[in-house]
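Annotated region 'Disordered' per TrEMBL: A:1-20, in sequence order. The feature domain 'Cytochrome oxidase subunit I profile' is assigned by TrEMBL to A:39-541. Among the features that TrEMBL reports, transmembrane segment is placed at A:49-70, A:90-111, A:132-154, A:174-196, A:216-240, A:260-284, A:296-317, A:329-347, A:367-392, A:404-425, A:437-459, A:479-503.
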Amino acid sequence: MTDTALPQPESSNFQNEGLSETGTERVSYLRAGHSLSSWLLTTDHKRIAILYLIAVTFFFFIGGTAAALIRLDLLTPQGDLLTNEGYNRAFTIHGVIMVWFFLIPSIPNTFGNFLIPLMIGAKDLAFPKLNLASWYIFMAGGLFTLFVLIAGGVDTGWTFYTPLSSMFAHGSVVLAAVAVFIAGFSSILTGLNFIVTIHKLRCPGMTWRRLPLFVWSIYATSIILVLATPVLAITLVLIAAERLFGLGIFDPALGGDPLLYQHLFWFYSHPAVYIMVLPALGVASELVAAAARKPIFGYQFVAGSSIAIAIIGFLVWGHHMFVAGQSMYASAVFSFLSLAVAVPSGIKVYNWTATLYKGHISLDPPFLFAMSFIGLFTVGGLTGLILAMLAIDVHVHDTYFVVAHFHYIMVGGTVSAFFGALNYWWPKMIGRTYSLVWGRLSAILIFLGFNLTFFPQFLLGYLGMPRRYHVYPPEFQLLHVFSTVGAGLLGVAYVMPFAYLYYSMRYGTPAGFNPWGATGLEWTVPSPPPKHNFETIPVVDSLPYQYDVELEEDHG
Amino acid sequence: MNGSIHLWPEQASAYGSEVDHLVFAFTVLIVILSAPVFILIVVFAVKYRRGKPANRRHARNRNVWVEVSWSIIPFLALIGFYVWASDLFARLYHPPVDALEINVVAKQWMWKFEHPQGQGEINELHVPVGEPVKLTMASQDVIHSLFIPALRIKQDVVPGRYTGTWFTADKPGTYRLTCAEFCGADHSTMGGSFIVLSRADYAKWLAQSGTDMSLAAAGAALFRERGCSGCHGPAATVHAPSLAGLYGSPVPLQSGQVVIADDEYIRDSILLPQKQIAAGYPPIMPTFQNVLNEEDVLKLVAYIKSLRTTEATQ
Amino acid sequence: MAETPLAARPPYSEPRQQHDAAMMGMYLFLGSEIMLFGGIFAVAAVIRILHPADIVESSRALHYLIGALNTGVLLTSSFFVASAVEATKGGRRRAGATWLAAAAVAGLVFLVVKGYEYGAEYREGLLPLPGADTQFRTAPQHLFMNLYVLATGLHAIHLLIGIVLLSVLAPCLAFGKVRLPDRGILIIAAALYWHLVDVIWVFIYPVFYLAR
């Protein structure tokens, strides 16, 4: 076993007729028990990570199917595939499933679970049983939500705006609220587990300044999870009580205020945007350093900017309400604070670019995903600034411009980072390498398909196409057709990684300890790691990302 | 399929073109801010490709001054645009006093517009060119949002309160008018036309759309029918505030505050009378919440507004 | 009772670390609970700003003396729980269990008093339960009472969970099912939860009863 084996030339992947179990695998966490109960009752963070990976992949394809329905329906202006009600249900399924059951848990619960103990030199998370309980709560919430959305049907959109949701909508709003409420518990418990783990279980020498940037970003995410999710919970309780008992908090007839709902909802849901994107920023930092084989430029700024985003993220919720009827002065303050978020986000993007300078840049699949992440996140972030400009937001608010903007962040950003992380850490998780050619191809196709899908939506938005429209004026059709064609490409491209990764499980060559030649404690253990991660608890004595300089290449 | 792609929306007001200028200028800024990232990533990926010889000496791992400058300088540029955009936005909150006042009532899934002389229309809004128009908007059920892309304006219509916006259309024509806030099953069908007419055509249209009485007159009729005049009328024995000259004047409240009697105040006084009690009067006014709909209330507001002008002429 | 401390469980290398982690986890959980009730207090503040006169009038209708009594009961129960923790730290199982039981009983007393108060409000037409015959002069007063029921109800559910927790822990402690000192963290965590539920009431009481 060498610990610096690079991936084999890709062609060899296909010549292997599937290897029998290697010695490393025989003692790995993957083989520590073969029964179903050894998986379903495990408290091993790595196995729970795999459980989450399977679950979020499942929800990703459910949400993706709803998206496919929406895009197909929008091929024609009159929407021939679905009824108005059916369309509204489809985008509600898409939003609810993607936000709460894919984007929020995707990177933290799979890669955070798998990597945090490995990265900080711990044997497990602080509360292993609680970790398993979180998964069960998540699954209960997720499957219940799915049942409610498909069997009962909810047509309020994922935002559940009152009084539409509380008094007018048909369908199972209360049950959907209960389901999301349950999932919220899972978020809180997971966030709590991560925070305690990062505080209390770092190995000797792993000081805060030596923490990998992924851990920093998960730490910032967890703070938001613990503090913002309960506000969503109480908001959902208020909605359910309003619907069941006529509580009246949001009902103007009782002297309540519908805008109060929006304030409470966005007080959670704007920070929730950062729950979804901060882990992706952490992944990007890891990937960029590994791609360039250089220390990340300005580690402290990059780490600090995660925390800054988490804090400022709590203060900008009102930018969702510029045209909702809040006071002009409130809008002006929220607009300003929203611009302030650009500072830490900009620092990250510029610092990643500077990290590439004079690096040894690899274009293997994870790094292609990382670079497309940077590009798409930049577009998403800057169009976010357009939305923060008050006079412009008045025009583009609630149009496809907003749809395009947040898909650049959520799909272009977070989903790209998710696939980058999957491609980067897959050899560690499974112990096998995969086809780099197929990996690069899928990274490029995802990038192209994504832009073809969502760039036309910026134009649609500025032209005045409102979001959540089932039928639309015929002059918008051509751009919608582009978007749908792009979505088809994107759908195919999203299936590819799962195909070649599955193939690698059976036929890939053994990965070795460190297939990418990266730094970090997770690469010092075998792939896949043994059940208890480290034979002896490691001791850290240097900063992260200390790559050796490859001198022979340095003279041009 | 409509073959041509419109890349820029129609524009029917000076305000709209100012928004477009802002968008153009801001787009230039963000291209300047982001171009280095896009270009340098590609350049670095080619130049410093792994295994390719290149000069990699003296690569720095940090430089605080560089980092501070690329956080601060873009932010300062943003602040300039922030001032520009906020200034433009603030204008929407300050309609001219002589604006033509049109009431808007939104309900699932239609728009109703009422002109001051009482002409009502559904899903169509006719306005004269070159004249400021102020919209006072109420919702009968859920939140809607009036969106006129050609004017670059949008305002949510929230149940339980009045919201408003204003514009001066300067190009005759027919434009789209839609609902932008998701409002239930037929949300996407809740739209219509925004029609800008020359002044002469507008006058002709007003004349054609015959009407029995103006909004204020309809409000006056309601005022009598619903028994408002029993307490607030000149011959009333009950101790209730007189409404003549009320609109726009300061009202001292029992709580010690003083509020200006605007549309919202009058609406709340009719529907939620306990919310703000005028000083010196017993809180005996009943709520008319289940009696009057938003259109009726708007008519009453128009009537009470008209009492201001009649007094001024006396 | 000679109890040797156990070695730390797997992810931990020493008992102290395990204890600190458990405490930190508990504090974070409580922080999250505070945010939950924070949402209700924010709503209470908003409706008070919107309808000052109505809220004052509704608040006057509440039985503030009963509320004061209940505040006293809960504060006393917190004292019992704190004593239980002290006793447990000193290894006095019997005393610890007795204090825990006393706190649980005080919690029950609170619920009984609260139930009596709900009953009185129901008869006075103040309690907006489904099917109740309520008489409110204005809509915002109805709204205020709705929020009152929701806030006190949510608090009562938390208290009930606390009572169940203490009732399970007390016999476990008494009969040696809880290893001391290393599993004493269970008692401490339960006590922290109890104090939080108490503190939340200390905010609910002025916000609803004394906002007059």
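Glycine too: its Cβ is placed from the backbone N, Cα and C atoms.
Keep in mind that TrEMBL annotations are predicted by a computer and have not been checked by a curator.
For the transmembrane segment (A:260-284), the residues of the chain that approach it from at least six positions outside its boundaries are 99, 103-104, 106-108, 111-112, 159-162, 187, 213-218, 220-221, 224-225, 227-229, 231-232, 234-235, 238-239, 249-250, 306, 309-310, 313-314, 316-321, 324, 348, 352, 370, 373-374, 377, 406, 409-410, 413-414, 416-418, 420-421, 424, judged by C-beta separation under 8 angstroms. Proximity of distant same-chain residues to the transmembrane segment (A:216-240), defined by a Cβ-Cβ separation under 8 Å and at least 6 residues beyond the stretch ends, is recorded for 108, 112, 116, 160, 162, 165-166, 173-174, 177-178, 180-181, 184-185, 187-188, 190-192, 194-195, 198, 247, 249-250, 261, 264-265, 267-269, 271-272, 274-275, 278-279, 281-283, 285, 302-303, 306-307, 309-310, 313-314. The list of residues near the transmembrane segment (A:174-196) in space but at least 6 beyond its ends in sequence, with Cβ under 8 angstroms from a Cβ of it, reads 96, 100-101, 104-105, 108-109, 112-113, 116, 125-127, 130-131, 133-135, 137-138, 140-142, 144-145, 148-149, 152, 154, 160, 218-219, 221-226, 229-230, 232-233, 236-237, 239-240, 243-244, 275. The transmembrane segment (A:437-459) makes contact with the transmembrane segment (A:367-392): 3 or more of their CB pairs lie within 8 A, with pairs spaced 6 or more apart in sequence. In the predicted model, the domain 'Cytochrome oxidase subunit I profile' (A:39-541) has a mean pLDDT of 93.
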